Every structure is written in C-alpha cells, then in structure tokens.
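Colleague: What follows is a structure written as structure tokens; I'll ask about it next.
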Amino acid sequence: MKTREEALALDRDDPLAPLREQFALPAGVIYLDGNSLGAQPRAAAARAQQVIGAEWGEGLIRSWNTAGWFALPRRLGDRLAPLIGAADGEVAITDTISINLFKLLAAMLRHQARHAPKRRVIVSERSNFPTDLYIAQGLIAQLDRDYELRLIDDPADLPDALDDETAVAMITHVNYRTGYMHDMPSVTQTVRQAGALMLWDLAHSAGAVPVDLNGALADGAVGCTYKYLNGGPGSPAFVWVPKRHQRAFEQPLSGWWGHRAPFAMQPAFEPDPGIARFLCGTQPIVSMSMVECGLDVFAQTDMHAIRRKSLALTDAFVALVESRCAGQPLKLVTPRAHHQRGSQASFEHPHGYEVMQALIARGVIGDYREPRILRFGFTPLYTRFVDVWDAVETLRDILDTEAWRAPEFATRAAVT
C-alpha cells in the first residue's frame, strides 16, 4: 500500500467493511485505541434504554426472571466461548480481570497444595500487565505458607524457570505494551509437562486473534470485554475454566451467586458444580447487557477473517511508518513475525507522550505506555485501510514540523 488511492481500493474489497456501519464512530476521528477501549456498537444505546427503561423501569425485580437477568453471566459466556476455543458451560461473564485472576490463581494454588504441596511458585513475566503481578503479590501476602512469585525477563527463559516447585504459570497471551504474542499451545505444553497449571490472561487476545484454549489444554483463563469485544467502559470481564477442572477448583470468593442453589438461603456454602461457582455477588446487569451488542457483531464473521485483516492492517501501518517517517527516532517494538504479533503496532519515541497527545489533538487516537511507547490498536471490525494511511500522514507531519513540542502536549493527564 503506497498511496491513499490503494488504501481506498483495499477498503472497497474488504469483506468486513460493512460491519463498520454497526459502530458509532465520530466524524473526523481515526480511532486506533480499540486495544484499550472498543468503539460503541450502535445497538448499545437502544439496548441500554431497553434495560433501564423497560426491564428495570417497568419490569422491576421481575426482570431477574422475565428478562433473563439471572442467567445472563452464563448465557453471554456461552456466546463468547467460540471466540476463545471454549465449550458451552465453561465461560462466565463476571467481575473484573483482577478479581477473576485472584479467584483462579487462588483456586489453582489451593488445588496444587492438596495434590503437590511442594509446588509454591508462581511464574510470570516482569513485563506482564501490572495488575496481574499485583494480584499475585497480594494473594501471596494473604497466604500462611511460603509462596514465591518468580519473574522472567524473556519468553525464552520460561522453560528454565519451571521446576518441581512451580505451581502455576501466569502469562498474558499478547503483551499489552509491545503486542508480542506467545505460542499458546507450545507454552501450555511446556508448563503442563513441568507439572504446573497454565493460567492465561486474554485481555489483548479475545476478539483480536484466534484463541483455542481447549485445543491447547490450558487450565484456566481470564479476559476483558471492553477492548476488542466492544462491551463498553468498565464492562465485566470473563473467566474460563474447562469442565475437567470445574469441580476441583475452589475459588475463595464464595459469594451467594456461586452457590449451587442461591435462593435456598442455606447457611453453609455449597459451590455450584459448574462455571457458576466462579460467580460471587449480584451481577452488574446494565453494563453486562451491553456486552451482547459487541458479541452480536462478532457473530456475523469469524476470527480467521478478523485475523487476516488485522495482519494486513498492522503490516501496512508498520511499512508506512518506516517509509513515510524515515529518519525519525521511531523504533518498532512490536514483532514483525505474524505468529508473534497481536493486533497492535507499538513504536518507541524519545518524546512518545508528547507525540501521542499531538496525534490525539488532530483526531488520531492511540495511546501511550511507559516507557516512551506509542501504541496503536487495530480493530478489523471498524478500522479501515484509509485510516492507516491518514494516521501515518498525520504522524509524519507532526514529526516533521515538531508540532509535538507545543507546551500543552507535555502536560500529563491522569489516563494516558
């Protein structure tokens, strides 16, 4: 892709192009931040009005039954399941990634304590998204045994970090900063052969790349719905536990929604035999209902078509940045190899924050991550090839004119 006309031609031939019309995208904005917050499905506003106005406003408490609120976490989990290689009854929409990670990590450590008490080490990556590490650190602090969080600095170091003391490997499939993607089947096999349990974070994978959790024989996973799945800001996350583990994994947040018969109101906790045991308290129905609007769009295509366009978009973006912005201090930190790349492209720049603020001021929305990383997410459901061209041209102009040096672009916002 060497001209804007070529980009427009690619858009005309794009089989996913009609899906863009199902998103409410503001005019004059090129949105390359779907890896942080997905765009709003057009159906979401009407769905919100239905939930608030009719189901809550008129149905009141009856809607737990008549509108299907009570079954929503499991029903939506079943709809999400095909996107991550899961079966019906293995996914629940609930809580946040951090909370679900706490549940699963604690359940896995408890399981190992019963069957292999010597295993007290959690292996993860130093470059993992911080909340994953914070949750592990906090959980270890609560335990009355000598647990350890062991961090590796390179994916190649994982085999050497695994030993007969490893309980769980907690790995994020696609790195939030660089977009590096692990080989899920290979990593899972390595971890399981070492006698450890494999816990995946799919925050930057679900809805972005094909995932096959059951095919890889993973042991558990968490993910969010507000990025590529377009569930809305703060929409509830998801937890996946394969059926072979569901009765054996006992999560610590034993709230009433995880009980086998919540309305029996028994004084002693008896966990649900299935995925519902990973629920805790009453669910956020309004925000959870919005998740279905994003899933409705995914139902009109498949992850392989999404992946093909994702790679084409990121290939084009990287090539254009390196040709149109040649001579600028930009360093690609995202892998070039397709099998190692998620659905984003990240570049390092000495003044990355200021450059990103200048881009946003001109209607090209990406985001910034420390240290010095310009991060661009590509969501094939609504990102066009002409968006790629126009974004790079805007970046080139900002760098050539040094427009990023304007004082207002150096002011740090609370959210970057």
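Including glycine, each Cβ sits where the backbone N, Cα and C put it.
Pasting the relevant annotations from Swiss-Prot:
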- ILE97, SER98, PHE129, PRO130, THR131, ASP132, THR172, ASP201, HIS204, TYR226, TRP256, THR282: pyridoxal 5'-phosphate binding site (BINDING)
- LYS227: N6-(pyridoxal phosphate)lysine (MOD_RES)
Colleague: Could you state the whole-number distance in Å separating the C-alpha atoms of THR172 (pyridoxal 5'-phosphate binding site) and LYS227 (N6-(pyridoxal phosphate)lysine)?
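Modeller: For THR172 (pyridoxal 5'-phosphate binding site) versus LYS227 (N6-(pyridoxal phosphate)lysine), the Cα atoms are 15 Å apart.
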Colleague: Give me the largest Cα to Cα distance among ILE97, SER98, PHE129, PRO130, THR131, ASP132, THR172, ASP201, HIS204, TYR226, TRP256, THR282, the residues the record lists as binding pyridoxal 5'-phosphate, in Å as a whole number.
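Modeller: Answer in Å: the longest Cα-Cα distance is 31.
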Colleague: How big is the gap, in Å, between the Cα of ILE97 (pyridoxal 5'-phosphate binding site) and that of the residue listed as 'N6-(pyridoxal phosphate)lysine', rounded to a whole number?
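Modeller: Given the Cα positions, ILE97 (pyridoxal 5'-phosphate binding site) is 12 Å from the residue listed as 'N6-(pyridoxal phosphate)lysine'.
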Colleague: Once near-sequence residues are set aside, which residues in the chain of LYS227 (N6-(pyridoxal phosphate)lysine), 6 or more away, have Cβ atoms under 8 Å from its Cβ?
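Modeller: LYS227 (N6-(pyridoxal phosphate)lysine) has long-range Cβ partners GLY34, ASN35, SER36, LEU37, GLY38, ALA203, HIS204, ALA206, GLY207, ALA208, GLY377.
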Colleague: Cβ neighbours within 10 Å, counted over all protein chains: which one of the binding-site residues THR131, THR172 has the most?
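Modeller: Compared across THR131, THR172, the most Cβ atoms within 10 Å surround THR172.
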Colleague: What count of other C-beta atoms do you get within 10 angstroms of the C-beta of ILE97 (pyridoxal 5'-phosphate binding site), across all chains shown?
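Modeller: For ILE97 (pyridoxal 5'-phosphate binding site), the 10 Å Cβ neighbour count is 23.
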Colleague: Using DSSP with the three-state reduction, classify THR172 (pyridoxal 5'-phosphate binding site) as helix, strand or coil.
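Modeller: Looking at the DSSP assignment, THR172 (pyridoxal 5'-phosphate binding site) belongs to a strand.
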Colleague: According to DSSP, collapsed to three classes, what secondary structure does PHE129 (pyridoxal 5'-phosphate binding site) have?
Modeller: coil
